[in-house]
Amino acid sequence: MSRAPRTAKGETARAEPARHVPVLLAEVLAALALDRPGLAVDGTFGAGGYTRALLESGPDMRVIAIDRDPTAIRAGADLVEGAGGRLRLVQGRFGDLDTLLADQGEAQADWVVLDIGVSSMQLDEAHRGFSFRQDGPLDMRMGGEGPSAADLVNGEEESTLADILYHFGEERRSRAVARAIVEARRRAPIATTAQLADLIAGVVRPEPGSPIHPATRSFQGLRIAVNDELGELVRGLHAAERVLKPGGRLAVVTFHSLEDRIVKQFFSARSGRAAQASRHLPGVERPAPKSFRLVTKGPVLPSEAETEVNPRARSAKLRAGERTDGPAPPPLSAIETLASLPAPQGRGTRR
């Protein structure tokens, strides 16, 4: 999803919204190696930055762009009109991209790009409830369906809230935050982002000199839980593996350590760098066909110049792989486990 350009002070740069530059754009295009006509899939359309760059890579490039957010699909209408039939916008989840492609009459793709997480448009619209910097309803749903963040905050048990904040948000004070939430909601429901942010700020003290808001990690954890973002990532990796042609490339940009760990383990296992555990014999490692060749040997990070212009890019990491002609193995249970809340005994150290 396209992240809006930012000045060093965090204010939106003067640019047309349609021309938002995605994070690591040049690096993603280089990793994809767009050297021939073909079909590219942008699994996370957002503001259309990657899609636009894919279309501009050559006159014969065709693109199918996917987004679960109906607002993003509507906003992309002008881009579709200007693409001369080379762009199709599809509302749906990128975890279903193989099914969505089949619905479009396409069995395979040459390239897939996934930009994981919340988009600039979602963060910058207060009524969507993603940002602790703007007051709005506590929603956080990317597609508008299912339980909202308010439903989780006001309805989940304290222990479950603590697990969400710790595992998905990496908030070390998750138990204290969960306890404060439960105590506050006994008095009145927590309905807005400002209410929740103020509550968290009273529990989590920022480190001296840190630019990170005390509510950052808790909001991240809730957002990931509301949208099942890690489960969607796991499904998207496997779906991309199924649709890519031999020689096709997959590029994935992540912004969270657990997201990156999932992508790293996926490429490591599928390229033969790590053994893949057998589903039928848990704990038994077995060789598996290599379905990917690594394009990036480690994570590609944004340049200092990019992070100065766009502070949101500072945690971005890019990993990419090239599809071999080997069959797609069964889904990796190890990364499916990473995408789920751990068992109680695996919660780790929290306060």
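Even glycines carry a Cβ here, placed using N, Cα and C.
These come from Swiss-Prot:
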- Gly48, Gly49, Tyr50, Asp67, Phe94, Asp115, Gln122: S-adenosyl-L-methionine binding site (BINDING)
- 298-351: region 'Disordered' (REGION)
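Helix, strand and coil counts from DSSP across the region 'Disordered' (298-351) read 20 helix, 8 strand, 26 coil. Taking the binding-site residues Gly48, Gly49 in turn and counting surrounding C-beta atoms within 10 angstroms, the largest count is reached at Gly48. In this view, Asp115 (S-adenosyl-L-methionine binding site) is surrounded by 28 other Cβ atoms within 10 Å of its Cβ, with every protein chain counted. Every protein chain shown contributes to the tally, and the Cβ of Asp67 (S-adenosyl-L-methionine binding site) ends up with 28 other Cβ atoms within 10 Å.
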